[in-house]
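Asker: Got a structure for you, written out below as structure tokens; questions coming shortly.
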Amino acid sequence: MALVYYPRTGLAIASAFLVCNTVYLILEYTIPKLRNIFTNQRFKNWITIAHYLIIPSFIVLLGAILIPFLFLGKQGHAEACNRLTIDADIAGLGIRIAAWAQICILLLIALLGTFYVDVKMAKEVGAGLAVTHLSLAIALLIHIHQGGAKVSLADKILGSMILDAQNIALSIPLVTKETLAARWQVVVTVVCQTFGLILLGIIVNDFGNGNINITDCPCLSAAWWGEVGACRKSPASTLVRHEMKAFWIYYACRWLSLFQSSFHSLMNMEKFHTAEKDKSLHLKDLTFPRLYLESKSVQWRRLFRARSSVYDSYASTVSPAFLLYAMFAIVSMAAAENLLRDLGTLGGKEISFGQAVAIVIAAATIVRGLWLSYKMLQDRGVVNPPLQVI
């Protein structure tokens, strides 16, 4: 048996994102200092816009162009899979529905929060995602520990993809002021992300050892960051380990993203917590890029409205970095769906306990977020008359 990777396309794309993320982090540190050097207001405004909007938007646009190539040219399986059973607690339909719902809703909340100051739900949905992420991580640990060689490569690959998607999506609520004001949730989220990302590396590294079951699928390949595959070569069953450069470069990029979101959230959570309690305080000395334009021209004001630094008037989403996090999350979920489609399965026909828990947690937190948003709109007189139970 040989473990085969086709990393050329994935290697180039992952390297591009690693470079972009590194440059993004460096510019986040240097651009605020550059603003103090120049005196021309228009030039300083362009630096600010590049810092806040252009750089993350460019990375996402680059992703929209390059990422489809990760899934092109896939040759498929050399042999058909026989009686392949996907563990429902790892990649069942309920697990994936919950993950898709939470990721998409968090993305929508962050998008709306860029333009409005009172968008809610991020804290509740983010808390639910943290619970489901931790549940999946524990399920993977238990199955791998108890199953040993009985755990199929398909389960490990699918579990890694969904775990990665949930993990990076947890960074989205960390750029919303509502979550940043809840210090305990910031700390718990960062701890969950760190644990999940470490576990992801352990599981993927395990792809190349002998603890793999390919009985049900003699030849399996999956397009992700590089193409992952395992095939039994007759008559020997020797496992040949190949380099996984494409994935490990992406993995390094993921650590950069985690450092970025964790640093900003941990450094600013106390300021948002204090400002939420004391409405008269202004949010100052934040590490997040802030869209503050010094020009008083009508053109600038029309393009970017000046916002107060008071908590209630501050944008609900404090950084557009959520675009990068959502992009990586969607890619990993799409890779999982693509593999399941190639395998001709929905990922577990039976409703398992893990799937039920994931769906209930996702639904409960989303409904609670909607209810709190409705109550907020009702208190502000936006919803009138209030809902009445007949």
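For all residues, glycine too, the Cβ spot is worked out from N, Cα and C.
Keep in mind it's a predicted model, so treat the numbers as computed, not measured.
Pasting the feature list from TrEMBL:
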TRANSMEM  12-31  transmembrane segment
TRANSMEM  52-73  transmembrane segment
TRANSMEM  93-113  transmembrane segment
TRANSMEM  125-144  transmembrane segment
TRANSMEM  184-204  transmembrane segment
TRANSMEM  311-331  transmembrane segment
TRANSMEM  351-371  transmembrane segment
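How buried are the listed features, and what sits near them?
Answerer: Long-range contacts of the transmembrane segment (52-73) within its own chain (CB-CB distance under 8 A, at least 6 residues past either end) are made by residues 9-10, 13, 16-17, 20-21, 23-24, 27, 223-225, 289-291, 319-321, 323-324, 327, 331, 334-335, 338.
Taking Cβ pairs closer than 8 Å, the transmembrane segment (125-144) reaches residues 87, 89-90, 95, 98-99, 102-103, 105-106, 109, 151, 155-156, 159, 162-163, 166-167, 169-170, 172-174, 176, 179, 185, 188-189, 192, 195-196, 199, 203, 206, 354, 357-358, 361-362, 364-366, 369 in its own chain, all 6 or more past its ends.
Long-range contacts of the transmembrane segment (184-204) within the same chain: residues 123, 126-127, 130, 133-134, 137, 140-141, 144, 156, 159-160, 163-164, 166-167, 170-171, 173-174, 244, 247, 251, 254-255, 258, 261-262, 265-266, 269, each at least 6 residues beyond the stretch ends and with a Cβ under 8 Å from a Cβ of the stretch.
Packing against the transmembrane segment (351-371) from elsewhere in the chain are residues 88-90, 92-95, 97-99, 101-102, 105, 120-125, 127-129, 131-132, 135-136, 139: each is 6 or more residues past its ends and has a CB under 8 Å from a CB in it.
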Asker: Any residues 6+ beyond the ends of the transmembrane segment (12-31) with a Cβ under 8 Å from its own?
Answerer: 47-48, 50-51, 55-56, 58-59, 62-63, 66-67, 69-70, 225-226, 246-247, 249-250, 252-253, 256-257, 259-260, 289, 324
